[in-house]
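**Student:** Structure in structure tokens, see below.
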Amino acid sequence: MSATAVARKRGKPATGARVGSGAGKRRRKADSAGDRGKTKGGGKMNEEISSDSENESLTPRRTEEEEGEELEETAQEKKLRLAKLYLEQLRQQEEEKAEAHEFEEDQVAGRLKEDVLEQRGRLQKSVAKEIQTPAPADIRVLRGHQLSITCLVITPDDSAIFSAAKDCTIIKWSVESGRKLHVIPRAKKGAEGKPPGHSSHVLCMAISSDGKYLASGDRSKLILIWEAQSCRHLYTFTGHRDAVSGLAFRRGTHQLYSTSHDRSVKVWNVAENSYVETLFGHQDAVAALDALGRECCVTAGGRDGTVRVWKIPEESQLVFYGHQGSIDSIQLINEEHMVSGADDGSVALWGLSKKRPLALQRDAHGLRGEPGLEQPFWVSSVAALLNTDLVATGSHSSCVRLWQCGEGFRRLDLLCDIPLVGFINSLKFSSSGDFLVAGVGQEHRLGRWWRIKEARNSVCIIPLRWAPRPTAVGS
């Protein structure tokens, strides 16, 4: 046996093997050097070779690993999906909160804007366009007075109506049921110890903004103060020298303003049962009066043809001209604007900053009489839904008319007619705007110039229906 074979058998490399081994080592070094060179300049080739080799050698084994990895990733993906869903829900909740907060801020800003406009007397909510023409069949008629209704008021919560008439009685009605809640009967002259009441035509009434006091004035120069809830008589104010024709409480207070055919305006403190002061200025009998929250009131001067604004603290007055006839009715729309009606058939819108009407609607209820001798229907009553653009007027033209005030109160547009036969001697909107109340009589509240026999002395409740909510604008 040769030495080489013996060496192989014992596991010792032969000399040739050592030589071959050295050559192999040199080849491996050269190969590794070449691989480094290829790595620097041809990395893509190495990746492809490695990938091919792995695909060729480990394909079955990798498929099993991938299945395991896919199972693991599915569980992880579920966790990730749930986490993403939770985060999305949180994001949506935050967005909803932000939207709600923004909406609340908008509402608060809107309310603040309305409050500011109301304080400045310039709030004008646009509601007139949303009103639907009332159906005659929906009008409720309340009968109880024997003679013509002269005036009425609605309680601040819209639950009851007080009406007064030429029969010297006052009736309290339930708005919901239409039933009489209380009747203040006529007082007989010289009847001592009898229940108090009026002994002559009741011409005007007013109720305080908290619903506590009711005031009524008559042709006998008296003002009677009642507890509105129970209709119990509290005080009697004397001092006017002629018929008391207008009453109004200052909103938020128990300060009472009164006016009379004696041409004066008086101020009273009802809570303290006291007289405050008297103001003069009109040149003829004053026909009507109204007031809101400011310490002032407005009056319709009848035949002297003026509307006056009385500034109580300064004891001064502003005088406005515009009607051609006797101004018989007036009401404030807001603190800066008012509406009036006259027997020349005209309706006027006024602003305190201008001595002439902002808008004047002549022949507001049309004309009557033979051709060539036509005369306008007298405007006997006006009403305004507070801080809005809706106005109502009454006459003896067999209808109540609803009007829309244009922007800035510079225009009057007719909306609809509500059929009612008789003299519309008083009109009042409810605080909510859900209904309009009309006091109807066979005669005018201040006289007996005509008599409409087919009319019924009654209180008519006219329901008002609206489309969606109004928007406020400054005028």
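Placement of Cβ uses the backbone N, Cα and C atoms for every residue, glycine included.
TrEMBL feature annotations, pasted as is:
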COMPBIAS  65-74  compositional bias 'Acidic residues'
REGION    1-75  region 'Disordered'
REPEAT    142-183  repeat 'WD'
REPEAT    195-236  repeat 'WD'
REPEAT    237-278  repeat 'WD'
REPEAT    279-320  repeat 'WD'
REPEAT    320-360  repeat 'WD'
**Student:** Tell me the residue counts in helix, strand and coil for the repeat 'WD' (320-360), as DSSP assigns them.
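**Tutor:** Counts, helix then strand then coil: 0 helix, 21 strand, 20 coil.
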**Student:** Should anything in the same chain at least six residues away from the repeat 'WD' (320-360) have a Cβ under 8 Å from its Cβ atoms, list it; otherwise answer none.
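**Tutor:** Long-range Cβ neighbours of the repeat 'WD' (320-360): 118-124, 287-294, 298-303, 305-309, 366-367, 375-384, 386-388, 391, 393, 395, 403, 405-406, 408-412, 446, 475.
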**Student:** According to DSSP, how is the repeat 'WD' (195-236) divided among helix, strand and coil residues?
**Tutor:** 0 helix, 22 strand, 20 coil
**Student:** Determine which residues of the chain contact the repeat 'WD' (142-183) at the Cβ level, with the cut-off under 8 Å and only residues 6 or more beyond its ends counted.
**Tutor:** 197-207, 209-211, 214, 216, 218, 228, 230-231, 423, 425-426, 428, 430-432, 434-435, 437, 439-445, 456-461
**Student:** Please count the residues of the repeat 'WD' (237-278) that DSSP assigns to helix (H, G, I), strand (E, B) and coil.
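**Tutor:** Counting residues per DSSP class in the repeat 'WD' (237-278), I get 0 helix, 24 strand, 18 coil.
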**Student:** Looking at the repeat 'WD' (279-320) alone, can you tell me the average pLDDT?
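**Tutor:** Taking every residue in the repeat 'WD' (279-320) and averaging pLDDT yields 94.
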**Student:** By DSSP, how many residues in the repeat 'WD' (142-183) are helix, how many strand, and how many coil?
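**Tutor:** Split by secondary structure, the repeat 'WD' (142-183) comes out as 0 helix, 22 strand, 20 coil.
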